[in-house]
Amino acid sequence: MVRGPAGAWAVLGPLLWGCGLALLQGGMLYPQESRSRERKELNGLWSFRADFSDNRRQGFEQQWYRKPLRESGPTLDMPVPSSFNDISQDGRLRSFIGWVWYEREAILPQRWTQDLGTRVVLRISSAHYYAIVWVNGVHVTEHEGGHLPFEADISKLVQTGPLSSCRITIAINNTLSPHTLPPGTILYKTDTSKYPKGYFVQNTNFDFFNYAGLHRPVLLYTTPTAYIDDITVTTDVDQDTGLVNYQIFVQGSDHFQLEVHLLDEEGRVVAKGTGGQGQLQVPSAHLWWPYLMHERPAYLYSLEVKLTAQTSAGPLSDFYTLPVGIRTVAVTERQFLINGKPFYFHGVNKHEDADIRGKGFDWSLLVKDFNLLRWLGANAFRTSHYPYAEEVMQLCDRYGIVVIDESPGVGIVLAQSFSNASLQHHLEVMEEMVRRDKNHPAVVMWSVANEPSSFLEQAAYYFKMLIGHTKALDPSRPVTFVTSSSYEKDLGVPYVDVICVNSYYSWYHDYGHMEVIQLQLATQFERWHEAYQKPIIQSEYGAETIIGFHEDPPLMFSEEYQKGLLQQYHVILDQKRKEYVVGELIWNFADFMTDQSPQRAIGNRKGIFTRQRQPKSAAFLLRERYWKLANETRYLQSAVMSQCVGNSPFTV
C-alpha cells in the first residue's frame, strides 16, 4: 500500500481494504423476467454526497448508512447510471478521490415482501472502484473492482415486518493502489510552501480519465427460493450438426428435475434434454457467423431451462432462457478460425466514455455506436481496457460483432503490481469476467492485460499463472494480452495464443516522419513472427487529430496527418495479412476524456469520430477499407452485397 508521511497508509485506506475476497462461487446470470422471475430497475435519481472531510472517513464515523442520507447533511441529485465527476458545477467533485455515498428508497411489490417462497436479490452492475452496500442500515455485501457485477440476497431484510420499502445505501471509493486493477498510487505533496497540509493526488499509468460512481444499472430481481443459479454452454460442430453442451447448477433444493429445450429463431424446438448436464444435437444447424462474413450472421438459438424442485414449502418452478450461438474458434500458426474459416479482425478499440455521463451506461449512445460500427464495416472490437456492460455483449451477439474481451489489467507497470497480492486479485477478476461472459458467442478471445511491463523479471511467472488460470476457467477460447514491449524482451508473450501488438510509429517517436512507418512496421511483424510462430493482431495504431484542423503537406494533429498515417500502416497490413497478420484494430473509435496534461487537449483525440460521434476524415477512409476487406474475406458471396450495394449506407 502507498503510505503517507506518518507511516500509515493514505488516510483514504483503512476501511477500504479490510477484507480479502474468497474464490468466487455460484453464478452471475443476467437478470431477466420470466414466468418465475421479476425485476425492478432502480435507475434514475439517487441522493448523493461526497465525503470531503480531511480523512474521508466522516461517513463511517457518523454512520451515514443508519439513517436517510439527507439527514447527514446536504445531498445532490445524482443520475444512475452515470459517473459523478461531470454532473455538478463543483470542480472539487470532478477530481474527487475518496468515499462517495449513494442512497435510494425502493418500494417493493407486496408479493416480494410476503411470499417466503420468493428470493429478492439486489444487483449492482458496476460500482467503481470499491463498494460497500447496506439495506435498511444493515451491511449486505462488499465488492472490489469497478467493471463487473455483484449481488446480495436481501430476502431476510425485506420479508420481516410490515415494511414495503427498503433503503439502499452504497458507499464507493475510487482510490487506486499498486494492487488494484487498474493500479495507481497516491502521492502526497509534502512541501507546505506549495501545497496545503495533507494534499495528495491520484497517479495512474493509463491514458483515460478515472471516472467513478454507479456506472451501470442497479436493480432488484426475484427468483424462487429454489432456482437456476448458473448455466454454462459450449458449442461444437460435427459436419453439419451443431453440438450444444450444457451444464446447469441449481441452488435451494437437492430434489429437482431439469428440462431443457433448444428453440430456433422461429420458436421451433430443435433439440431437447433433461438433467443437469448433457449434449443437444442440432441437425443442419445455423451457425453463429460474424457480421459481414456470412449471408445470415449472428444466428441465435434460445436455450429454455425449466426447473421443478421440491422444497419444505412445497413444489417450486423456475424458468430461464439463454441465447446460444453455435460456433467454433481455433488458432493456427498463421490463422484465426471461426467455424473453420479464416477470420480477419477489421475493427476498433473503444472506451465507455461520453460527454456528461462519463462512463455511465446509456442505451441511446450504445445503439448509436453500433450503428456507426456497422456503417464503418467493422466486424470486431476490443473492450479496451476493462469489461464493458453486459448489454454491450448482448448486442454484439445479436449483430455479429466479434469481441476481444479485456480485463481491467491496464497500467501494470510498477514492480509492486506484479506482487502475489496483485496476482491473486487479477486471478479473481478473471474468474468474475469469465463467469459473466462465458456464454456470449461474440466473445472469441480473452485479453488479460494491456501494455504491462512484460519485460520485468516478475512478468514471466505472473503471466504464466494468469493465462494458465484463464485457460483452465475456459479451455474453449484463446487467451492473449496486448503488448508494447519489444519482441526480444517480452517475457509474457510465450504464453499467449495470439500476439497482440500496439505501435505508434511516427506519432510517439519519429514525429511527423511518416516515410519510416512501412519499414518499421514490416520489421515489427517479421521479428515477432520469426520469434514465436503465432498469428499477430495490430491491436492499436493511430494518430491524434483535432477535427477541422487541416494542413497540406500533412502536419501532426491535422486530419490529413491521421489519414496519411493510416494509409502507411495499411500498405504493410495488406502484405502481411496474406501471411500471418490476422487483424487490425484502430485506436480509437471515438475521442475520449483523459487526465489533464500539456499533452492532452481536453482528452485523447485519436478517435476517427469525435466524442460526440461525428466523423473525421479518417472515418471515411477506414470505412472504404473495411468494406473492401469484408468483400475479400467473406465466406459466402452474397454476405456483403446483400447489405451494401456500391458501398452505400444500409439498413439492417
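Cβ coordinates are placed from backbone N, Cα and C, and glycine is handled just like the others.
Residues annotated as active site, proton donor in Swiss-Prot: E451. Annotation comment: Swiss-Prot describes N173, N420, N631 as N-linked glycosylation site, evidence class sequence analysis. Among the features that Swiss-Prot reports, signal peptide is placed at 1-22, with the record citing similarity to another entry.
A map of Swiss-Prot features onto the structure.
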residue	record	DSSP class
N173	N-linked glycosylation site	strand
N420	N-linked glycosylation site	helix
E451	active site, proton donor	coil
N631	N-linked glycosylation site	helix
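A sphere of 10 angstroms centred on the C-beta of N631 (N-linked glycosylation site) encloses 16 other C-beta atoms. Shown are the glycosylation sites N173, N420; of these, the residue with the fewest other Cβ atoms within 10 Å is N420. When Cβ atoms from all protein chains are considered, those within 10 Å of E451 (active site, proton donor) total 22, not counting its own. Checking each of the glycosylation sites N173, N420, N631 against E451 (active site, proton donor) by C-alpha distance, the shortest gap belongs to N420. It is 48 Å from the Cα atom of N173 (N-linked glycosylation site) to that of N631 (N-linked glycosylation site). If you take the Cα of N631 (N-linked glycosylation site) and the Cα of N420 (N-linked glycosylation site), they are about 48 angstrom apart, rounded to a whole number.
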